[in-house]
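Okay, so here's the structure we're looking at.
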């Protein structure tokens, strides 16, 4: 693709061989691209913004570039030291924390009642659909970028930036939310109200309780993650094993003191309350995407990632549902405490000592969530910085620890600022909508990966794919909007549900598959990815308007940053020669594309000879 805009000097990153140290503060380490070389160059870049936007909308990366050229921009390799066993325990450590121990009580009390069990089932099914999509990508593109890298390959730079912005937002807000919950449970552990350890101010409600303890917890877990990935894994093994014992205690002791009459009324706020709660408690499943970002450090990605991701998430979904049922049977939903539900529930049935066990287990769970989160979030940020969407200094891997120290510090510092001011209910709704949006984009990317390969897919088939995907998105969004605006009515579904079915069936019947997974793939394509799109959009539609206002405001700020900074940095990198090694990777990418084309044609011949009409 030809360069667009003012001709500039080629961008060439300084090689690591120059012997520069890790800690760098020169301007060129943050903005090395020609567009930022001077104010004159920057003004010229801004003048070329429309042309550059058009260019980046069509720009695509490749598997080979993500695995090769981008990884080398970190100068030092991350160490391949993890196995499926590490990933499984990372799954437990990254997911079971604030969601189940805090949001269960909040949503059972406010929206779902005892039907919070159904909310966890709905969220769990939607999360598992997303896990399938993530697993296929992580096996074939095992890099630290996670969904950012996958979307950059399949949907292009602009879509990848939207994902990158939401990933960083999700990382910061998620860390802050869990840290705030940590303070609440620590207060209950020492027999104080949930907000007793926070500093009360006269600021706006939701931002008026300052939390210095959350800041300390974020700093400590980030420091541990910086020191060693394998060492963090060992700590997580032990802590998660203890957590499993605490969970077993909660389930057994809870059922002993269960009263089935507390399940009545089962659905006090109706079906809308169940789905509204499901959209919020989706936060409890969100940590699994951190596991995908560890792919670059996994010894055998094709075996270890499916085992670690799918195995841990299946067990976690069952645990969540059982724990939600236990809580609902111990107390009437109106008496459930919103901040420390399980501790207060055990105290209410006379097991006062048990609240300390529960609070301690919750603290441990939230600590490992933050610990594993610090690992995964820094790796997202590292790969985003490799593309120069954010300054490339955050892509550097420390030569001694083998970890992205700068990226860890960036996320931890921002999370400390947010966690110090913002309450959990403000954070959780914004986090949920960001997470659901990214997972919806991932399902779209999987459909594109399976049914579109440049040079293989014909123009007519590509157009059909685009139309059918738009039908799936539009009908799914329509179902969510109709549910939110006209509850209790059914007429709209008569048109919307068949439209979704026709869109999905159209891909299956009228668009030939262009690529098959090399090792492990999502089953029932296009149906499972299409269902993932529908469920994620539906849960997004179940969130309140405040969540969309906050999401829209954050997205607008991110897009301003992209137009002013990220667009020009990525444009320079995409259109200038970086090094001989990167050129080699582009050549490898072309070879891979040729191989994929030949493989796809061979597969078409085999399918045709089998008499299945090219499917």
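For all residues, glycine too, the Cβ spot is worked out from N, Cα and C.
TrEMBL does not curate its annotations; it predicts them automatically.
As written in TrEMBL, here are the features:
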type	residues	note
DOMAIN	520-569	domain 'Cationic amino acid transporter C-terminal'
REGION	595-615	region 'Disordered'
TRANSMEM	81-103	transmembrane segment
TRANSMEM	115-137	transmembrane segment
TRANSMEM	212-229	transmembrane segment
TRANSMEM	236-258	transmembrane segment
TRANSMEM	270-288	transmembrane segment
TRANSMEM	309-333	transmembrane segment
TRANSMEM	353-376	transmembrane segment
TRANSMEM	405-424	transmembrane segment
TRANSMEM	430-453	transmembrane segment
TRANSMEM	465-484	transmembrane segment
TRANSMEM	519-541	transmembrane segment
TRANSMEM	547-565	transmembrane segment
Spatial neighbours of the transmembrane segment (430-453) far in sequence, C-beta under 8 Å, 6+ residues away: 126-127, 129-130, 133-134, 136-137, 147, 150-151, 153-155, 159, 162-163, 166-167, 169-170, 173-174, 177, 279-280, 282-283, 286, 289, 461-462, 465, 469, 473, 507, 511-516, 522, 525-526, 529-530, 532-533, 536-537, 539-540, 543, 547-548, 550-551, 554, 593, 596-597, 600
Tertiary contacts of the transmembrane segment (519-541) (same chain, 6+ residues out, Cβ under 8 Å): 122-123, 125-126, 129-130, 132-133, 135-136, 139-140, 275, 278-279, 282, 302, 306, 432-433, 436-437, 439-440, 442-444, 446-447, 450-451, 472-473, 475-477, 479-481, 483-484, 500, 503-504, 507-508, 513
Spatial neighbours of the transmembrane segment (81-103) far in sequence, C-beta under 8 Å, 6+ residues away: 177-178, 181-182, 184-185, 229-230, 233, 236-237, 239-240, 243-244, 247, 280-281, 283-288, 290-291, 294, 297-300, 303-305, 307-309, 311-313, 315-316, 319-320, 323-324, 339-342, 358, 362, 365-366, 368-373, 375-376, 424, 428
Dominant neighbour of the transmembrane segment (270-288) in 115-137, 212-229, 309-333, 353-376, 405-424, by Cβ pairs under 8 Å: 115-137
Per-residue pLDDT averaged over the domain 'Cationic amino acid transporter C-terminal' (520-569), given as an integer: 86
Criterion met for the transmembrane segment (236-258) and the transmembrane segment (353-376) (at least three Cβ pairs under 8 Å): yes
Range from 309-333, 353-376, 405-424, 547-565 with the greatest count of C-beta pairs under 8 A to the transmembrane segment (212-229): 405-424
